[in-house]
Amino acid sequence: MQQHSDSNLAISPLQLFWLTALAITGLRVLILLVSPAELGPDEAQYWYWSRDLAFGYFSKPPVIAWSIGTTTVIFGNAEWAVRLSAPFFHLGAASFLYLMGRRVFSERTAFWAGIGWLLIPGVILSSFVIATDAPLLFFWSGALFFFFRILGSSKAAPMDFAALGAMVGFGLLSKYAMIYFPLTLIMLMALKPVRAKFSTPWVLVAALFALALFAPNIIWNLRHDFQTISHTAANANWDATLFRPLSLLGFIGEQFLVFGVITFTALLIGMRSAVANRATLSQEKLILLAFTITPLVVVAFQAFISRAHANWAAAAYPSAMLFATAFLLERKAGWLVKTNAAVHVLGMLAFAIGITNFALVDTLGFSGALKHIRGWENQTAIIAAKGDGYDAILIDDRYLISEMLYYQRHIKTPIAAIDPNAGIDHHFEAFLAFDPQTHKRVLFASIRDDSVHVDYRFNSVEPVGVAAADLGDAGPRSFALFALDGYSPPGSK
C-alpha cells in the first residue's frame, strides 16, 4: 500500500521541468510587478509602435510591437504589462530546448539544458526588458526543435515542415538575425542524413510558409525606402575605422557575461574536443555546433571589422546550451552543471534585489546601471507642464521623445522631432517630424545646453528653464528648454 502511494506521489522529469520553469517565470513576473524600473527609451519606443500595429517599423521588424500590443490590450499600459511577454518567450524557448534535449540526448540533459537556459545571465536580463531578442530566441528554439523532429522522423511529416517554416517566418519578423538559421540549414545540406530528410518537396512548403509570413515586412520596406534594412546596415558601422582587433576581443569577453563563465568555457572546450574527435562526433552534436558557430563567427567578424554589441550573437546560444550541457554531463561533470545553475540563481536573485531596490544600488555605487530606467516620468512631466499652450513640444533627442510619448501619452500638445543634420536618423524624424505649417510656436527641449543648432531657423529663441532628473551617482540628466517662434527655412535669413 505504501509503495502504491509513493508511486502516485513520484514526479516525472517533465513535471519537474515544468514546475521549476514555471517557478522561475512566476518569480520574474512578480519582480516585474513590484519593480520601480521605468521603461527604457527603446522599450518606450516599442510601446509607441504598438499603438499603431503594422508590418514594419523604422529600425525593427514588427513582432516586438505586436507582443506589446497583445499584453497591453489585456493588462493596460503599466511598465510591467509592456514587458510581460519577455519572460514567457524565454519560458517557451526553454520548453523547446527541453523537448529537443529529450529527443536527441536524455531526460537529464533535457532538464538541465531547459532550466540552464532560463538561468544564463543574458536570459535573466532579457526577461526583465522588452526587446527583440526574446521573441527571436523563442522562434529560433522552435525552429531547432522542428528541424530535429524532421531529422529524426521515419517519414516526412508535412505539419513539421509547415511548423519549421512558420518558426523561421515569425523569427524573421522578430529580428533579421533569424536569417542565420536558413543559411546554416543550407550549409548542413552537405551532410548526407540532412540531405536525405530535406531533399523533399515539403521543404518548399516550409519555405513558402516562411516567405508568406515575412513578405508583408518586405512590402513594408519597399514602401518605406527600405528603412529597417538600411538602419540594420547602418548599425554595422562599416563607414567608421575598420579592422579593430580590440573590438573583437571585447566581444569575445562579453560572451562570457552573456552565456555565463562556466557555460561559455564548456562550450569552447567542447568545440575543441569536437575538432579533436571529429571522426567520432555524433551527427546531432555537429548540427548543434553548426547552428552555434554560424552566428558567432558572423558577429565576431563584424566585431573585428567595426563593432558588435554583446547580444548580437544571441541566436547561437539555444543550440550552444544543449551542446554544452550534453558535453559536461557525458564527462561526468554533472556537479559543474549544478554549480553553474546555483551560481546563476544567485545572480538572478542579486539582479532581482537591484531592480526592486534602487536605493541599495545607489548605496553600492552602481547608479549608472539604472540611468536609462529611472527619472523619466517626473522629468517628462516637467517638460509637459512647460509645453502647455504651445503648438508642439519639439525635441532633438530620440530617448526623450520615446519617454515623452509613453509617460505623457495623455497630453494634448503634439510631440515633434527636429532633424538637426538633414538626415533621417530614427523613427521619429521620419514619422513625427516638425511641421512649420502647424507648429508655429514651440517649446524646444534639447539634449544640449544651448540652442545653437536651431537658432538660425527661428526669429525668436528664449531660454525658459531646464528639466533635470537626479540619477544618483550617475549624475543629473538635463534637457535645456527654449521657447521658439517665427520659423524661417534654412537659407532664408
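Keep in mind that glycine also has a Cβ here, set from the backbone N, Cα and C atoms.
Keep in mind that TrEMBL annotations are predicted by a computer and have not been checked by a curator.
Copied from TrEMBL, the annotated features are:
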- 59-220: domain 'Glycosyltransferase RgtA/B/C/D-like' (DOMAIN)
- 16-34: transmembrane segment (TRANSMEM)
- 55-74: transmembrane segment (TRANSMEM)
- 111-130: transmembrane segment (TRANSMEM)
- 136-152: transmembrane segment (TRANSMEM)
- 164-190: transmembrane segment (TRANSMEM)
- 202-220: transmembrane segment (TRANSMEM)
- 256-274: transmembrane segment (TRANSMEM)
- 286-305: transmembrane segment (TRANSMEM)
- 312-329: transmembrane segment (TRANSMEM)
- 341-361: transmembrane segment (TRANSMEM)
By Cβ distance under 8 Å, which residues at least 6 away from the ends of the transmembrane segment (312-329) in the same chain are close to it? 93, 96-97, 100-101, 104-106, 108-109, 112-113, 116-117, 120, 122, 133, 136-137, 140-141, 144, 177-178, 180-181, 251, 255, 258-259, 263-264, 266-267, 269-270, 273, 285, 287-289, 291-296, 298-300, 302, 336-337
Between the transmembrane segment (111-130) and the transmembrane segment (164-190), are there three or more CB pairs that fall under 8 A, provided the residues in each pair are separated by 6 or more in sequence? no
Restricting to CB pairs under 8 Å, which listed stretch, 16-34, 202-220, 256-274, is in contact most with the transmembrane segment (111-130)? 16-34
Same-chain residues at least 6 beyond the ends of the transmembrane segment (256-274) whose Cβ lies under 8 Å from its Cβ atoms: 116, 119-122, 281, 285-286, 289, 292-293, 310-311, 313-314, 317, 320-321, 323-324, 327-328, 336, 339-340, 343-344
Highest-contact recorded stretch vs the transmembrane segment (55-74), from 16-34, 202-220, 341-361, CB pairs under 8 Å: 202-220
Please compute the mean pLDDT of the model over the domain 'Glycosyltransferase RgtA/B/C/D-like' (59-220). 97
